[in-house]
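Record features, source Swiss-Prot:
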BINDING   Asp13, Ser63, Asp462, His463  Mn(2+) 2 binding site
ACT_SITE  Ser63  active site, phosphoserine intermediate
BINDING   His124, Arg154, Asp155, Arg187, Arg193, Arg261, Pro262, Asp263, Arg264, Lys342  substrate binding site
BINDING   Asp420, His424, His480  Mn(2+) 1 binding site
Amino acid sequence: MKVKRPILLAILDGWGLAEPDKGNAVDNANMIFVKQLKQTYPWLKAHASGKWVGLPENQMGNSEVGHIHLGAGRINLESLAKLNHETKTNNIAKNDEIVKTFEYVKKNNSALHLMGLFSNGGVHSHFDHMIAIYKAAIVYGITNIKFDLITDGRDTKPKLAYDFIKNLLELIKQNNNIGIISSVSGRYYAMDRDKRFDRSRIAYNAIVNRNNVRSFTNILDYIQQEYMINHDDEMIIPAFNQDDFNGNLKANDAIIMTNFRPDRAIQISSILTNKNYIAWQSEAFSDAEFIGDKIRFVSMMKYSDSVTSPHIAYPPKPLTNTLGQYLSKLGLKQLRIAETEKIAHVTFFFDGGNDYFKNGLAKNDEITLANAYIDLIPSAKVATYDLKPQMSAVEITDKLLEEIKKDEFDFIVLNFANCDMVGHTGNNKATEIACKTLDDQLKRIHDEFVLKHNGIMVITADHGNAEIMIDKDDQVNKKHTTSLVPIIITDKNIKLKQNDPAIAKVAPTILDLMNIEIPKEMELESMIDHN
């Protein structure tokens, strides 16, 4: 089977819509070609947050749920909503894996470590879930509880960890001082996902080895000291509690990792559980002690096959007949292309949790989805992406144009990470450069794919970010938004429906463009108006 006109889904990560403002990097970048696209082709303002992507009302969207819904064609109740329900009903205290972990700790007279991103951002985690497990452990009779906290500052305002941890200390006091904050680490270190193992090693030392790493005697003083040297929550240097020097993770201990979103939990969790994981062959871990075979590790959700612990509190239920899977069954040839930072998003997440591409790292002969191929473009090795706001967008486009010229693919999924990853740095001017870079790349792609190869581009985003770099309090905003996002379709011969456009309707719309029947699993309709 071959489609008449190939489709290219271009996902501009973190590219939202907002009123003109000094903090609107999208608008201030003067994306001339995008303006031309909007004047030439039909386009919509679409929902990409809250109930439209399976999240609680008014919850900002994120890259994971955005890509899931772009490929799903249905609203999928997401991890945050599920775990909020489990917490509200206290079912989390009855979860089989969690209860068995309590039993394990009591049997071994060992420590229970609660590790995760401690914030209310709701993108990777929510501290309510960790606190619920903490309270359940106390009820179960566990008294040796260690908190290995990861601070946020990226999906929240930059400096909220102080107040969050102050409240946790008060909660510990209210519970007869059961529990201690054993270590702290900014997510820059503990939640790296780009194989920067030197960062992971510092976090690992704070949790496990207690050597060659900072320490503190008062966690709140330590955070204040970090703030004074312009380290916000994301960048807090890992440290352990001197009053809990022997409270490091050790043999017979258990650790519950409370992050529910996989991508930034994979690396540190794989290091903690899998001696064959590539980090252990790196220079950063050449002299580290591995204890993963002597502990019980529980993840809230399935992260990756590289996390070798079998203990998953809420095992996944991957979606069926997502766009990529459906096109594969029909014999259509497809390509996924992105840089390292977002390769999992155009594979694992876009495929509804089905790991056909080994979380984006598979070689083409290892892909288990028929007729599917991948181009992984390395991300730049820089400390933060405002140092290179172009990221790897030009290199992605160069490779994509090579692929387009082959005339082989019926469907291409492309991710440009710039608006999101540079937006997360809080650097407004750098984010404007990032947006302008994408404007230039879109023109290159359009001129080749649409004008020379008769293709149709569907240009959209997974969530907002770069359009609000300064919040209503005139503070730097590094987090995602609830903004609407554009959907531009480069076909002058169609009209688009204006009733409740949403990114979850992109998959059926693409099938409609291909003149292919929409499967029953895709419960949402196409946005093309045939009247």
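Every residue gets a Cβ built from N, Cα and C, even glycine.
Known features from Swiss-Prot, placed on the structure.
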residue	record	Cβ contacts under 8 Å, 6 or more apart
Asp13	Mn(2+) 2 binding site	Ser63, Gly66, Lys342, His345, Asn415, Phe416, Ala417, Asn418, Cys419, Asp420, Met421, Ala461, Asp462, His463, Asn465
His124	substrate binding site	Leu117, Asp155, Met191, Asn259, Phe260, Arg261, Arg264, Ala265
Arg193	substrate binding site	Asp263, Arg264, Ile266, Gln267, Glu341, Ala344
Pro262	substrate binding site	Glu64, Met301, Lys302, Tyr303, Ser304, Ala344, Phe348
His424	Mn(2+) 1 binding site	Gly14, Arg154, Tyr385, Asn465, Lys478, Lys479
Would you list the other residues of this chain near Mn(2+) 1 - those whose C-beta lies within 8 angstroms of the C-beta centroid of Asp420, His424, His480 - in sequence order?
Asp13, Gly14, Asn62, Ser63, Arg154, Cys419, Met421, Gly423, His463, Asn465, Ala466, Lys478, Lys479
What three-state class does DSSP give Ser63 (Mn(2+) 2 binding site)?
helix
As a test of the contact definition, list every same-chain residue at least 6 positions from His480 (Mn(2+) 1 binding site) whose Cβ is closer than 8 Å to its Cβ.
Gly14, Ser49, Met60, Gly61, Asn62, Val123, Asp155, Asp420, His463, Gly464, Asn465
How many neighbouring Cβ atoms, not counting its own, are there within 10 Å of the Cβ of Ser63 (Mn(2+) 2 binding site)?
27
An 8 Å radius from the center of the Asp13, Ser63, Asp462, His463 Cβ atoms defines the neighbourhood of the Mn(2+) 2 site; name the other residues of that chain inside it, in order.
Ile11, Gly14, Ala48, Gly61, Asn62, Gly66, His67, His345, Asp420, Ala461, Asn465, His480
Quick one: of Arg264, His463, which of the binding-site residues has the smallest count of other CB atoms within 10 A?
Arg264
Structural state of Asp420 (Mn(2+) 1 binding site), classified by DSSP into three states:
helix
Binding-site residues: Asp155, Asp420, Asp462 - member with fewest neighbouring CB atoms within 10 Å:
Asp155
If H, G and I count as helix, E and B as strand, and all else as coil, what does DSSP give for Asp155 (substrate binding site)?
coil
